[in-house]
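Enquirer: If you look up Swiss-Prot, you'll see T32, G33, S34, T35, D85, G86, A87, D88, K98, G99, G100, G101, K125 marked as substrate binding site. Annotated active site, proton acceptor per Swiss-Prot: E107, in sequence order, evidence recorded as sequence analysis.
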Amino acid sequence: MNQQELKQAVAQAAVDYILPKLESDTILGIGTGSTAALFIDALAQHKGLFQGAVSSSEASARQLEGHGIPVYDLNEVDRLVAYVDGADEANARLQLIKGGGAALTREKIVTACADEFVCIADESKWVPVLGKFPLPVEVIPMARSFVARELVKMGGSPEHRHGCTTDNGNHILDVHGLEIHQPAELESAINQIPGVVTNGLFALRPADVLLLGTNDGVKTLYPHS
């Protein structure tokens with residue numbers, strides 16, 4: 001299978017995984033990106049089985065609404081049964097790099113509110129060590145240059161993602177050249193830099209389950225310590 005077919009297979013597997021959890025009052029958290037978009041399309045076939053969704057981006061919200069799935073503001077919701085989203089990289093502990101679509105802050109917030117984080121990805125995203133994919137860092141615009149200098153001190157090579165403004169009105173620095181052997185520690189350290197909103201490491205709150213699309217079928221993986 002090509003990459004698109006792998007993504008479609010894992011999106012359908014995610015729907016199959018979620019279906020037993022759905023009740024009439026269930027609200028799901030739904031992420032952003034190409035694999036999440038395929039999940040939304042597949043989930044729409046079952047929109048009568050649950051109440052609605054909270055989206056981590058304006059783009060996903062528009063897609064959900066286009067399918068007739070009610071979209072709620074997170075402040076209106078007490079509980080999310082699950083959050084389903086893709087990843088740019090994943091390791092054996094199900095620690096992730098996310099944010100290629102610039103929605104990392106909202107993704108991290110919605111993840112924190114969910115009972116379960118279900119990550120969906122194709123096998124090209126499975127890595128032994130995080131960092132080959134540039135690590136996105138969302139920054140307040142006035143702090144961009146300062147944060148970039150601090151990231152250089154940490155061993156990275158930050159690059160301003162020109163033409164990209166997040167849904168929150170901020171900028172993205174993509175940090176190249178990192179081999180991230182201690183993801184949780186680096187996530188915390190970067191978030192301590194004044195001007196950083198958050199970064200794309202999901203290590204302090206990793207995925208609970210990873211549905212990984214491979215040529216041998218979709219594998220269901222859990223964190224390995």
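The backbone N, Cα and C atoms fix where each Cβ goes, and this holds for glycine too.
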Enquirer: So around the substrate site, T32, G33, S34, T35, D85, G86, A87, D88, K98, G99, G100, G101, K125 aside, which residues have their CB within 8 A of the centroid of those CB atoms?
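Expert: Not counting the recorded site residues, we get G31, A36, A121.
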Enquirer: Let me know the DSSP-derived helix, strand or coil state of E107 (active site, proton acceptor), please.
Expert: helix
Enquirer: At the level of the C-alpha atoms, what whole-angstrom distance separates S34 (substrate binding site) and the residue listed as 'active site, proton acceptor'?
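Expert: If we compare the Cα positions of S34 (substrate binding site) and the residue listed as 'active site, proton acceptor', the gap is 14 Å.
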Enquirer: What three-state class does DSSP give S34 (substrate binding site)?
Expert: helix
Enquirer: Tell me which residues of the chain lie with their Cβ under 8 angstroms from that of K125 (substrate binding site), as long as they are six or more apart in sequence?
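Expert: Expected: G86, A87, D88, E89, A90, L212.
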Enquirer: Write down the Cα-Cα distance for the residue listed as 'active site, proton acceptor' and D85 (substrate binding site), rounded and given in Å.
Expert: 8
